[in-house]
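Annotated features, as they stand in TrEMBL:
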| type | residues | note |
| --- | --- | --- |
| TRANSMEM | 20-37 | transmembrane segment |
| TRANSMEM | 44-64 | transmembrane segment |
| TRANSMEM | 70-94 | transmembrane segment |
| TRANSMEM | 106-127 | transmembrane segment |
| TRANSMEM | 147-177 | transmembrane segment |
| TRANSMEM | 206-228 | transmembrane segment |
| TRANSMEM | 240-266 | transmembrane segment |
| TRANSMEM | 286-306 | transmembrane segment |
Amino acid sequence: MDLSFILQQVVNGFSLGSMYALIAIGYTLVYGVLRLINFAHGDIMMVGAFLAFIFMGLLTGWQFNNITISIFITAVGLSIVLTSFVGVLTYLIAYKPLLDKGAPKISLLITAIGISFFLESLFNVIANQYLGGNYQSFYFPKFFSQILHIGGITVPILTLIVPIMTLLLLGVVLFILYKTKVGIAIRALAFDIHTVKLMGADSNKIIAFVFILGSALAAIGGVSYAMAYPSIDPYMGVLVGLKAFAAAVVGGIGSVTGAVIGGFILGFVEVAIPGFLPELGGWKDAFAFILLIFVLLFKPTGIMGIDFERQRF
């Protein structure tokens, strides 16, 4: 086992972890504001990937042989916008009425699971009736498939772009939370929603923005994941969503930075198991949740765990 092999695993783990991190941020934002685990979030990621595929098909006349970067960026941009709309719609239609009535958290949890099943069934119908099958290959510009040779390791351009993009987006999210008025409102709402309402702030608009931001990041994560494998199906968000949730908890749910750290750790674990211990390769998915249990046993609040009585995000 030489150094180049170890570096290869590190790069691959960093890339996979970035995808989990993008989705995990959405979990932690919603939890920080509403104390709600939005189990439909993994399927929002699936919606983002499917919409990007559909828009690329529409823009190319369903001829995927030569997708240009401009078409790809346009399709992904439209997907982000529409996925954000789907995300905020789930809040306005499904969660807000329950919150307004003061429904117990278990009702919100059951609703989230119901939304998840609905989105999976909806895109299962779309895929089978209009796209020709449940399982679709995901196409993107050949540029992202180009291979770079750096210091004895082979690195697809996509593998480099995704972590860089994730860190940039983390910077954007932190800037929004700490340097903008809407970010201050989000943190205030997370700290004490009742006081914010008494001060006249429109809490619904603030929460809607949180869902928009989280859904946009999930869409980007979904497209990145679809490019990495490269395929999509209506149930792709189930396991990926659970892993991203595990990443958020490992990093410390409620902490945006912790969600990214948890995503990276989970990515490294998932890549390292089959890489260094091939005989355990079939257990790589299980190890993600074994790691979750291990972390919770020793630090129940996660690595960057937050005391919600004192701090938010």
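Using N, Cα and C of the backbone, Cβ positions are placed for all residues, glycine too.
Just so you know, TrEMBL annotations never went through curation; they're auto-generated.
Under 8 Å from some Cβ of the transmembrane segment (240-266) lie the Cβ atoms of residues 13-14, 17-29, 31-32, 37, 39, 41-43, 45, 166-167, 170, 173-174, 177, 190, 221, 225, 285, 288-289, 291-292, 295-296, 301-306, 308, 312-313, all in the same chain and six or more residues away from its ends. The transmembrane segment (20-37) is in contact with the transmembrane segment (206-228), judged by 3+ CB-CB distances under 8 Å for residue pairs 6 or more apart in sequence. Across 44-64, 106-127, 147-177, 206-228, stretch 206-228 shows the highest tally of CB pairs under 8 A with the transmembrane segment (70-94).
Most Cβ pairs under 8 Å to the transmembrane segment (106-127), among the stretches 44-64, 147-177, 286-306, belong to 44-64. Using a Cβ-Cβ cut-off under 8 Å and counting only residues 6 or more beyond its ends in the same chain, the transmembrane segment (286-306) has close neighbours at 242-243, 246, 249-255, 257-258, 261-262, 265-266, 269-270, 273, 280, 312-313.
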